[in-house]
2 protein chains.
Amino acid sequence: MARSASAMRGQILESALRLFAVHGFRGTSLQDIASDAGCSKASLLYHFAGKEKILTELLTPARDALATLLDRVAGLEGGRLVEETVTGYVDLTLRFRREIRLLFEDIAEMSCHQDLDVMELANGLLDALAGRSRRAPARVAAWMVLGAVFITSATDDEVAPDEVLRAEMIRSALRALDHTPS
Amino acid sequence: MARSASAMRGQILESALRLFAVHGFRGTSLQDIASDAGCSKASLLYHFAGKEKILTELLTPARDALATLLDRVAGLEGGRLVEETVTGYVDLTLRFRREIRLLFEDIAEMSCHQDLDVMELANGLLDALAGRSRRAPARVAAWMVLGAVFITSATDDEVAPDEVLRAEMIRSALRALDHTPS
DNA sequence: ACCATAACTGTCCGATCGGTCAGAACTGAC
DNA sequence: GTCAGTTCTGACCGATCGGACAGTTATGGT
């Protein structure tokens, strides 16, 4: 063997990203990555100081891209600020989809696992949020609200008292769904 | 020792929920839970058939509540459907905050960890999405969009081609932020 | 051809994990 | 007090993990 160092490193990173995105970080062992990349586990640790360093190297480009975006919008304000930030953020997440997915597959695996089959319920919730519509705009907005409420509830940021938080979450969600109050 | 069975079970579930919410499911060992609950690891496995069963018992109430919500809105349609679903979903996530948090702490720990300190960047992004406003409605909406875009990008649901997905994500996000197009 | 260096590997290690099991400790009914 | 049944535990097990290290193999400059 003994390919060029950068080639092997690239192969390792590629394998790691794919496996992390399927089984999660903790759910993927160094041996798994080594087997997939076609080298020994010891070779991994020759190229990378440790398992965490592999993860760091995988996530750094996304991090840097986010930092760049924030720099770019630092001087803006008002409507331009929000528009540029949203557009940039969306593009960024789409570009680094696999990296984001690896952060979530721990959850996904946990949800699919065991008796409680959450995925079926999640699809039901998605349908209801989309108002039973199958059209793409409604479905995308439904996904957005699904994730938005989920994450916002999980935050411990103390951004607002619970009553305010609840009211604003509902209003914001309905706006995202393009819902005209009846 | 030798308390009543249900008391010990309750103590174990309480400890497990708290520890899972701090260190994640995989990041919490049976020994951790046992120490926190004030019993031996073997005692855990007397009350619960395995580690996964503890998680199942913790998440089942939330799952059942979601199923109940979906049943309740099953007969509705149009505006009422969307309103009831959103309100119910928000209430549900707020009620089961700790359970949701435990699903996320794997991510949180991973993000805070290592060199790349993502949290500072996330706060910057949050500020920009909120249009630099410190008011609660803007901050809540910013959190919503942060999570919405993140999760929607991570999905592999093939809900729409990437160009459509991108456009709808941006539109939906701007609506959630109550942004009036300039 | 030679050799310093880079690339790579087999093997071992300590730690930790979830889980088992035989038996001790406790409990309430009688 | 006795005893059956419940509750609990220390000790142990096999598996797996991330990592260390000495030694082997390939590479490129001379």
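Quick reminder: no glycine exception, Cβ is built from N, Cα and C everywhere.
TrEMBL: automatically predicted annotations, no manual curation.
Look at TrEMBL and you will find A:6-66 tagged as domain 'HTH tetR-type'. Among the features that TrEMBL reports, DNA-binding region is placed at A:29-48.
Using a Cβ-Cβ cut-off under 8 Å and counting only residues 6 or more beyond its ends in the same chain, the DNA-binding region (A:29-48) has close neighbours at 1, 5, 8-9, 11-12, 14-16, 18-19, 23, 54, 57.
Taken through DSSP, the DNA-binding region (A:29-48) splits into 15 helix, 0 strand, 5 coil. Mean pLDDT across the domain 'HTH tetR-type' (A:6-66) comes to 95 in this model.
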